[in-house]
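K.L.:
Per TrEMBL, the feature region 'Disordered' maps to A:1-22. According to TrEMBL, the transmembrane segment annotation covers A:45-65, A:212-238, A:245-263, A:304-322, A:354-373, A:400-421. Under the heading domain 'ABC transmembrane type-1', TrEMBL lists A:213-421.
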Amino acid sequence: MAEATANGDIAPDEHRSASGQLLAADGTPLKKSIRRSEARARLRAFLLVAPLLIFVLLSFIAPIADMLFRSVENEIVADTLPRTVEALDAWDPQTGPPPEPVYRAFYDDMLEATELKIHTRLGSRLNYEESGMSSLFRKTNERRLERFDLDQPLQPQFVDLDKDWGEVEPWAVIKTFAPRYTWGYFLQAADMRLTPGGVEMAPEFEQIYLKLFWRTILLSCTITLSCLLLGYPVAWLLSNLPARSANLLMILVLLPFWTSLLVRTSAWKVLLQEQGVINDILVYIGIVSDAGRLVMINNQTGTIIAMTHILLPFMVLPLYSVMKTIPPSYLRAAKSLGATDWTAFWRVYFPQSVPGIGAGAILVFILAIGYYITPELVGGTDGTFISNRIAFHISTSLNWGLAAALGSLLLILVLGLYWLYDRIVGIDNVKLG
Amino acid sequence: MNASNDAFVEFDRVQKSYDGETLVVKDLNLGIGKGEFLTMLGPSGSGKTTCLMMLAGFETATHGDIRLDGRPINSVPPHKRGIGMVFQNYALFPHMTVAENLAFPLQVRKMGKDEIETRVKRALDMVQMGDFGGRRPAQLSGGQQQRVAVARALVFDPELVLMDEPLGALDKQLREQMQFEIKHIHEQLGVTVVYVTHDQSEALTMSDRIAVFNDGRIQQLAPPPDLYERPENSFVAQFIGENNTLDATIAERDGEFVKVEFVDGSTGQALAVNCGGPGEKTRLSLRPERVTFAQPGEWGVAGKVKELIYLGDHIRVRMQVLGNNDFVVKVPNASRHATLSVGETASLSWVAEDCRALDAA
């Protein structure tokens, strides 16, 4: 019915093709005409965006994709020991040490590898999975291999070089990590490990990542909450002051933005340390004794205090921009209807400021969960985040695969929380201005 | 009219200053009777809204007492005054449905669920919005929001309702319709209404009495016909309705009337309302519809036709009279009305009672 009335409204000078498509005056379909007439505008829009797009693609998206790829990439074993991997294919670790052909293939592979001096690299890679592998490969160097008598069986000569070569363990590790792609890094990032016998939990004393992830989430939530508690009244004041005082206060809120992050964090070190300003004042006033100085830095307290301070503007600004749009007449209306100040705030003002809380909270939380510098400087050992561990694997232990896996997990975690947030709060409710 | 002791709402020598240097409200005395519909009318910045806000409790009086039903309310917080209020932009809570908006004042008064439901329904029916309880304010048109705002201000049975330019955001037709609806609700419920507007036709249509504000003072407080027909000073004459002014000097007093001398030396008679003695300046106020064309031999002043505007039921003639270039005469479009043309000179006349001699300000 609706169709019929809609068609009834069409002016007689409109043209339609046989299939009912609307046609332009020259007979081309109207939709095509629109596309053609707007092609220039679209091209111009694209050209305006293109430089940034290319920049982001090359300098951001591509490296991230590459890093993420490293979390599953494991070509080094198959590339360095191609023959060994093939020979180990038929071997079952249950039956004891591998047979002679495996040693033969391994000898050939290692001879090539040692010549290219890449065997130590393989050693370090396998050492992530089983400690001792690095020294085993380093020991198996070119000089030693050249002394082997190729007419004799090679197994005893390898055992002679290092008795570990006669064990099942190193061969099993090589066989387990022979595939070109592996979940090993991800399992490690989740405190599990891939062993020849299958997936199992890492030993208790090695389990750190899950704890670290949990701590990162917990601390980020704490920081978000304290930002909200401290920022909400400030934002309220900002949005209710006359313009001139509001601008001054706004400058004070933004002041930290104009100071280097490093300077601010270092300032907190000066303030919070045991011989620092705050402790000195507390001792001077007599609230704490000289022996009982508070430990406020190089632990979780330090991280929470410093990061709350640094991330506070990210909470205040979205809150302010939302509160600015709530007319004061709502509060007045509520009061004139008989609500006390608190009821008026809680039932009328607060619900309308929720989009600002949502925007501020998600902004602060996502920034916090990936924060690196501040926890590194003031976090000590129990106030560090997962990002500090990622940095450690990138720059110190050089286990990039694990770093990539941890990074991917962090990314998945953030996306997951974002999804959860969307389900609970609704992302349409987030308002930045 | 000064504050009387039996007034329901009473302003007693109220002053208000925001900065300590200028008074926004100067020595306000006003008594509003129970069940009265009183309009505060005035240009923006005249202090009318400030008075309303002081009554609602959102502004504090710098000096003087405000009394509600005999008891001073200066130190009573807004939520304890029990005054209903309709705001300029309705201030309907956007996150609540219409029914929830109406239930709000009842909930904060801790009423039972059933009673709340009955009252909300009754209030919505009163403004013909019974079917809209489940909607959000944003889903309503301006007129519907207006109705809900009125219903919300009345749902908790306040004895006094304040309205702060409630119809300002509506288009002309809807505004006129709402004027009558609000008026009818007022008559039905017998509630006291204090209404603020800068629209004089709105004030004339709805009010029992109008307080014309200017410069922080009430210039005149009177029922609508009095205000139009018997303005007491130049401001009111000029502010209410269309008005012709003529500057003159008083020649002599003659009982209720004065003899005045115009700028060109000719003389005329006027009703002495608010003017000084002989020799002092005065400003004469004359409604356009009370000016007629003089019959031959009758007293009259000469006017030159500057412009003719045809308006259907009447013709608006702008003339130059005694130095005033904007002297307007309304000629009814009757079957034998005078025909005029631009540039023509005609003799104008009026009855002395219609020509009010007011202050020269």
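Heads up, the Cβ atoms here are built off N, Cα and C, so glycines get one too.
Could you tell me the structural context for the features on the list?
P.N.:
Residues 246, 249-250, 253, 300, 303-304, 307-308, 311-312, 314-316, 319-320, 323, 353, 356-357, 360-361, 364-365, 368-369, 382-387, 389, 409-410, 413 of the same chain sit 6 or more residues outside the transmembrane segment (A:212-238) yet have a Cβ under 8 Å from a Cβ within it.
Below 8 angstroms of C-beta separation, residues 219, 222-224, 226-228, 230-232, 234-236, 238-239, 250, 253-254, 256-257, 261, 264-265, 268, 272, 296, 352-353, 355-357, 359-361, 363-364, 367-368, 371, 374-375, 377-378, 383, 431-433 of the same chain, each at least six residues beyond the ends of the transmembrane segment (A:304-322), sit close to that stretch.
Sequence-distant contacts of the transmembrane segment (A:354-373) (same chain, six or more residues past either end, CB-CB distance under 8 Å): 216-217, 219-221, 223-224, 227-228, 231-232, 235, 261-262, 265, 307, 311, 314-323, 385, 387-388, 391, 410, 413-414, 417-418, 421, 425, 429-432.
Sequence-remote contacts of a segment are chain residues at least 6 beyond its ends whose Cβ falls under 8 Å from one of its Cβ atoms, and for the transmembrane segment (A:400-421) they are 67-74, 128, 184-186, 188-190, 209, 213, 217, 358, 362, 365-366, 369-370, 386-387, 389-391, 393-394, 427.
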K.L.:
Apart from its near flanks, which chain residues at least 6 from the ends of the transmembrane segment (A:45-65) lie with a Cβ under 8 angstroms of it?
P.N.:
none
